[in-house]
Amino acid sequence: MDHLPPAPPRSPMENSSSTKPPTPASTPSSRLASSPSSRLSSAPPHPSLSSSAPTPASRTVYSDRFIPSRTGSNLALFDLAPPPSHDAASASASSPGAPSGSTLTSSPYCALLRAALFGPTTPDRVASSATACSSSSSAGASPVGSPATGNIFRFKADVPRSAKRALFSGGADEGVLFPGVFTARGTGPRKIPRSPYKVLDAPALQDDFYLNLVDWSSHNVLAVGLGNCVYLWNACSSKVTKLCDLGVDDTVCSVGWAQRGTHLAVGTNQGKVQVWDVTRCKRIRTMESHRMRVGALAWSSSLLSSGSRDKTILHHDIRAHDDYISKLAGHKSEVCGLKWSYDNCQLASGGNDNRLYVWNQHSAHSVLKFTEHTAAVKAIAWSPHLHGLLASGGGTADRCIRFWNTTTNMHLNSVDTGSQVSLPPI
């Protein structure tokens, strides 16, 4: 029996199903080697990198990009129009600035592509491929979106130019399209109507400058103290609700809403501070620490501050068992104005001693003191947009609204109103 010679050792990466590597001419990928990208990828590496390990001449490195060849495509199936004549193609190729491959734009494939993208009514402009695409898109802007063209790109109806001007500018049409939202440019300061749109009857409303008997909640509910009762008026439904009655021995001196609009604080003439749950019309807390009437209230989350004629300011934590957690003393007369800043870091207080004080959360002494007012300071408001901007209004002998910067301790401006300033802006 004849013995066959042993087979030569095979490389671990060699395919076991074939013993002879195919020649480049016998593989379908041979067409890739003739393409420019294949020739670039098969070029030898840099001499400095290939000097140590030269690439064998028989090995061919192919590109990782597959470039299809459409030479064998049967475009007759698409029922295309015949290509332009040779004279037109040669004339377009000889035109100034036209590249040598501009005749490709007149091929049936390019004509089909332009018709599918931009519609059959797009004129056929012979130019370079990049110029042809841009010019075809600009020329085909009119049929795009038309149902009759059958394009693959479809868009909704264009937004009217008047609506765009109203959205992004102060055009003349904005008052018609968006009434009450946009204001025309150059019309000067906004006009505030002098006649009220709603008048509420308020019998037994005390005529006392130092009291704060009206407050508006974040839920659009107005609280008014009338005599010994507190009434709620819902601005959405115009419904009036009687919240509480203090009896014949006491009267309402101040009301103040919490930020959430569900709790209302009521200060009385006997120095009491009551907290009411408006959703249930139920009193949940009563604090009796002031010796005289409470004419000013201000909320800071769960902290309630109250100012009294006894010249003190008390901080009440409604979660704590004690009536108050701290006391602020600095005014020489009745405290008639209180307002916490929007970041709940500073408290401004005004008194009948013509003084305006600024307190922080943790100090028992004022950090700022302003003495420019010449009458009682009741109206106090913080800016919600600029940190540290404070406005205060004086009484009959002052008649001014003054603006302060509490971060730099500066008096910014003063405006004479011609009358006493009773309420801060709501």
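Backbone N, Cα and C define each Cβ position, glycine as well.
Any TrEMBL annotation is an automated prediction that lacks curation.
In TrEMBL this protein carries:
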COMPBIAS  1-11  compositional bias 'Pro residues'
REGION    1-62  region 'Disordered'
COMPBIAS  16-60  compositional bias 'Low complexity'
REGION    77-104  region 'Disordered'
COMPBIAS  86-104  compositional bias 'Low complexity'
DOMAIN    200-422  domain 'CDC20/Fizzy WD40'
REPEAT    245-286  repeat 'WD'
REPEAT    328-369  repeat 'WD'
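Looking just at the repeat 'WD' (245-286), the mean pLDDT is 94. Taken residue by residue, the repeat 'WD' (245-286) breaks down under DSSP into 0 helix, 23 strand, 19 coil. Secondary structure of the repeat 'WD' (328-369) per DSSP (helix as H, G, I; strand as E, B; remaining residues coil): 0 helix, 21 strand, 21 coil.
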